[in-house]
Amino acid sequence: LPIVVKAFEMEVTPANRIVAQIGETLVLTCNSTGCASPSFSWRTQMDNPLEGTVNNHGTYSTLTMDPVKVVNSLDYLCTVSCGEKEKKEKSIKVELYSFPSNPIVEIRPSLVAGEPVTVICKIPDVYPSHHLEVLLKIEEHVLHMENFYEDDSTNTETKTVTYSFNPMAEDIGKEITCVAKLPIDNMDFEPKERVTSQKLNANFGPQNTIIIASPGNSPMEGDPLKLTCVSESNPPPQIVWRKHLADESIQHLIENNILSISHAHFTDSGLYICEAINLANNKTEKATVDIVVQDGPRNTMISVIPATAVKEGETVTMKCTSSGNPAPVISWKKRKATGESEKISEDATLTIQNIKSQDLGLYECEAYNQFGREEKAVKLIVQVPPQNITVLVYPSGNVKEGENVTIICSTYSNPPSQMVLKKIHQEKEIILPSVNGTFILYNVTKNDTGRYLLDVFNEVGSNIKVIEIAVVGKLEKPNQMIPVIIAFSSVAAVAVPIAVIMIYVSRKAKINGSYSLVKALRLKV
């Protein structure tokens, strides 16, 4: 079969001529067929600037005017080239108009039968205005006709027609109508006539003033919010928006019947006031609306009184605060040794009286509402002075010369305790420092006989134990480390009691270890 080759053709849409309203988006399309790789170009008949955006898409090209303006009222030409020899061109005429909204009617001043009244009719953003015709009527009776045939405006303009007359008593309550027409015969658009009516009443209002909140008075964080103030008044009222601030002051916002917030924020919550003012009779009326922007918990904070580090037996109060709407529900959890958290309170304030060492740990505050949750944590430290002190001496009682004496002390405290062993020797003191609770006296002599003070202390307290060591005779057998009885007492004791010492194992904390001390390291003070 013979191969059918399509001829190189082009078309422009809309074809030949387009009528568009100023402010809208206009797209012209140039399309080609019968050419694999066409080349497009756009220009105006008089080589004016395009005032638009060109986009090429393979076999077609677009010229977009967004928004279309008065300067776009031109003849546009699209040229398509296929290779070096073939070229085609077509034009499209863009004709523009603007007739976007109904007239605005204002009647002033205060109406009293027999006295003159002025009717003002405004037609917004008209183009081309030299076609504009305006008619003022009371019921079906024509009051005034006016045209703008001689107007030479080159852009959209608001045109105003003003007419004064003396109404009769029977005219009160009748409708004044403004009819605006833009009859351009060779332009196809609708509507070409716009109408607004208003009753010829004496000045009244403002009254029945209300605020309409869209989408409602509880928007979500980030959503748009529009507040519209509606009031019945003649003449139309001046609208003023204000907002009550947290410090009881009032912030002036705008003078417009619509207050728009593109992205509502938590700080936009508050009481909004719309004040409608009738400038003819100086009367005012207010309306209010309470706006609450909904959001998940945020700015969650924990305060601890008196501090995060407290002494055993004290009272500590932890308070959790969080902002959000609806108000977040507060609960407290405590982290267990397994890493899991256990709920311990559903109140914003957590008070622990007569605090104990087992109360230390990580406390978590959770703030929750239906839009989210937020957590904060605080580490509580319970400070405990040295307690449950256990002392072991190997050997105890009468010690042979040449033996080694080991003193082991264990205790529970927080923060960890330091320990110092002191020997009271006449007017001198031998101080044996340690940080881990074990002391070794090597090759003791009779000179080591005496009373030793074991000082156990940390930042929040101290405790002193007294140890008696007696060195007698000389070592005859190998040294054996057997736990035996030792003597110790508190400093305040008059007599030194003797007791059996047992190794104490603390459930919470324990200081243990070894410390070797030779005679050469003894410090004499």
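Each Cβ is built from the backbone N, Cα and C atoms, and glycine gets one as well.
These figures come from a predicted structure and were not determined experimentally.
What TrEMBL records for 2-95 (among others) is domain 'Ig-like'.
TrEMBL lists 206-290 (among others) with the feature domain 'Ig-like'. In this model, the domain 'Ig-like' (206-290) carries an average pLDDT of 88.
Here TrEMBL flags 297-379 (among others) as domain 'Ig-like'.
Under the heading domain 'Ig-like', TrEMBL lists 386-470 (among others).
The transmembrane segment annotation in TrEMBL covers 481-505.
Taken residue by residue, the domain 'Ig-like' (206-290) breaks down under DSSP into 3 helix, 51 strand, 31 coil. Residue counts of the domain 'Ig-like' (2-95) by helix, strand and coil are 3 helix, 53 strand, 38 coil (DSSP-based). Look at the domain 'Ig-like' (386-470): DSSP puts its residues at 3 helix, 61 strand, 21 coil.
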